[in-house]
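J.: Let me give you the structure first, and then I'll get to my questions.
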Amino acid sequence: MIIYATVVQTINSFVRLESLKEVYGLIWIFVPIFSLVLGIITGVLVIVWLEREISAGIQQRIGPEYAGPLGILQALADGTKLLFKENLRPSRGNTPLFSIGPSIAVISILLSYSVIPFSNHLVLADLNIGIFLWIAISSIAPIGLLMSGYGSNNKYSFLGGLRAAAQSISYEIPLTLCVLSISLLSNSLSTVDIVEAQSKYGFWGWNLWRQPIGFIIFLISSLAECERLPFDLPEAEEELIAGYQTEYSGIKFGLFYVASYLNLLISSLFVTVLYLGGWNISIPYISILELFQRDQIFGTTICIFITLAKTYLFLFISIATRWTLPRLRMDQLLNLGWKFLLPISLGNLLLTTSFQLFSL
């Protein structure tokens with residue numbers, strides 16, 4: 001009996017050990033996801049504060065200054081206010097479409113962050129088709145906007161949803177062609193491989209210098225995909241009140257607000273990854289690999305800092321553009337996409353393909 005009791009205790013201890021391992025495994029699965037979401041939320045809060053401060057500087061006025069030091073908690077105050085507001089629904093609208101639309105817009109953009117590499121070893125999903133995954137997922141967001149506009153049973157909302165879909169289709173194609181040119185130069189569709197391909201020649205190895213035309217087209221198309229001025233036709237206040245957001249209030253309206261800045265941040269990160277060398281420091285005689293060999297935590301921190309510094313440089317350009325240029329008309333927007341950017345991006349892809357074939 002004593003031997004039997006000992007065996008039972010041993011088996012129970014092993015079972016507890018295995019269950020603890022499973023629990024720890026589950027915890028370590030969610031830790032990177034939670035860290036990424038926390039970083040994204042912090043990045044969005046910083047972008048909102050930067051936009052308020054930069055717009056105040058451009059317009060020569062004082063920005064937010066009461067919510068926290070230098071107004072840094074203004075975005076948190078706005079989010080809290082929207083959280084406690086009543087969620088109104090149109091009486092004759094399509095309630096399922098009206099409710100699901102904002103969630104689809106936010107979730108599709110959040111999933112795109114999984115393929116962003118912040119360093120050589122810090123990427124949530126290092127996939128062989130990472131770039132195509134981003135393009136495929138980002139094309140789902142306009143469907144959510146169209147659902148929101150249609151479900152609102154409002155002519156202004158429906159027109160805003162149609163404009164969002166038309167604008168996305170018009171600028172998604174030039175953007176995809178620019179990405180294909182980059183993948184041809186890097187011989188890969190993985191975001192990590194694209195960054196490493198730019199690290200061979202330092203600063204002059206960036207795709208910015210090898211694809212200047214593609215960089216400009218990607219820049220314009222990214223702003224159009226984010227629906228930022230001068231491309232904010234889906235929510236033009238003078239024409240459509242607030243576009244597809246007209247009937248929304250409370251937290252659902254806040255989701256559109258968050259989705260806009262999430263889209264801007266992901267576009268800035270992809271500009272950094274595809275054209276600005278990603279996490280590479282690009283300073284002579286300083287190698288990221290040497291930093292990793294000395295101290296992996298220090299090297300990863302430096303890589304994250306470099307990536308974010310390049311990202312916020314593009315964000316500054318986007319914010320300054322919003323408060324500088326006037327809004328385009330709808331016909332000008334579509335003509336720019338179909339008659340100007342699409343032929344140039346297609347020619348750039350054919351030229352890149354020719355150079356790659358002759359260099360074999």
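Even glycines carry a Cβ here, placed using N, Cα and C.
The transmembrane segment annotation in Swiss-Prot covers 27-47, 98-118, 129-149, 165-185, 203-223, 248-268, 269-289, 297-317, 340-360.
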J.: Report the listed stretch (98-118, 165-185, 248-268) having the maximum count of Cβ pairs within less than 8 Å of the transmembrane segment (297-317).
T.: 248-268
J.: Which residues of the chain, 6 or more past the ends of the transmembrane segment (248-268), have a CB below 8 A from one of its CBs?
T.: 40, 43-44, 47-48, 78-79, 82-83, 85-88, 99, 102-103, 105-106, 109-110, 112-113, 116, 134, 138, 141, 148, 152, 222-223, 225-228, 311-312, 314-315, 318
J.: Which stretch, 27-47, 98-118, 129-149, 203-223, tops the Cβ pairs under 8 Å count with the transmembrane segment (165-185)?
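T.: Ranked by Cβ pairs under 8 Å, first place goes to 203-223.
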